[in-house]
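See below for the structure under consideration.
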Amino acid sequence: MVIAAPAKPIEEVHIIPLTRNVHFKKNAANAVSKVRSKYMSFLDQIKAIDLQQSDDKGSVNMTNEDDIEYYGTVKVGTPGQALKLIFDTGSSDLWFSSSLCLLCGSHTKYNPLKSSTYSAGITPWKIQYGDGSSAQGIVAKDTVEIGGLVVKKQAIQLAVHESASFLKGVTDGILGLGFSNLASVKGTITPVDNMIKQKVIKNPIFSVYLGKKSLGGGGEYVFGGSNPAHYQGNLTSVPIDNSKGFWNVKVASLSAGTSSSSKSNTSLFGQFDAIVDTGTTLLILQKDIAKYVAKHYNAKENVNDGTFTIDCDGSKLDPLQFSLGGSVFQIPGKDLVYAKDGNKCIASFATGDFQFSILGDAFIRNNYVVFDMEVPQVQLAPIKP
């Protein structure tokens, strides 16, 4: 077991809040479709890659969109233009709607003509997802402010076209928090890497707390430190494999039960790879793992969409336990019930078409995560109740 001293806590903070959209309707099938599309796109990119001050912490309060996705406000340009962006540790692009896009719906659009620090570019970019949705535009540079931390000459991807599925969302774009080698445009440096390079933060880390709707929603990101007010006990350090740009950890084992020791619980599966991804709503399991988990919870797979129906009474369900870095982290039984669908309920776990699993928001809402860019590693601790 590797128990770490607390990551450098916040002293002077700049908080980015997370907000909940009370009108958003939960749809597990759409959530699974979204993550499949996202990762099929990234897997194609990976194949292409393989072929070829004391005020040094920023904190961003986040908006919780009904336990679906979280977004915060980022300012781009001089003076800053406020945009609502999804903070996504499962991608590495910073892209958003721009005034160059005539059909970008009601999104707030960044206008380069209103920024004195804008630097035009001609490099094209395009993100094509497996479900046919896409966004495309040009790469430029401008000043970006995240939680009071200012990054200069940051590469930004201005959308000049968005497909219909993007137009329906309340957010204006995505802030990728993966590693720079995952970026869709070769040579692009992420905002966090630039924070480190430009010495905007002294500690090369950022930390994530995702609030639950049942507890008022919200949450926060802290750049350059962590916030012990949101977690209990010590942080456990877990090595990651970032060779593909993801925050990939090895889960030593998966079990179900109430014991703090995985050996005393019902063993469900041995070691497997998982990506820690704040941009994915559910816990996505490989098919072979999902089979054992579903059997334990008497959950039935819904044909074609990868979701599962489960007992609506979460108090009857064992916590799902993950052994990581020698410690055990859990999703409580009540949080294994994602949404009610008529007279049945949908589980917060689903299956995808990958040879890895994804620890999405269903996991992160219950466990505070510190992302360390330098070691590299993640540090985990249970959230405070």
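Placement of Cβ uses the backbone N, Cα and C atoms for every residue, glycine included.
Automated prediction, rather than curation, is the source of TrEMBL annotations.
Here TrEMBL flags 70-381 as domain 'Peptidase A1'.
In the three-state DSSP classification, Asp88 (active site) falls within a strand. Residues annotated as active site in TrEMBL: Asp88 (among others).
Per TrEMBL, active site is recorded for Asp277 (among others). According to DSSP, Asp277 (active site) is assigned to coil rather than to any helix or strand. Long-range neighbours of Asp277 (active site) (same chain, six or more residues apart, CB within less than 8 Å of its CB): Asp88, Thr89, Gly90, Phe246, Trp247, Ile358, Leu359, Gly360.
The Cβ neighbour count for Cys345 (disulfide bond), using a 10 Å radius over every protein chain in view, is 21. Feature annotation from TrEMBL assigns disulfide bond to Cys312-Cys345.
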Neighbourhood of Cys312 (disulfide bond), C-beta criterion under 8 angstroms, separation at least six: Val337, Lys340, Lys344, Cys345
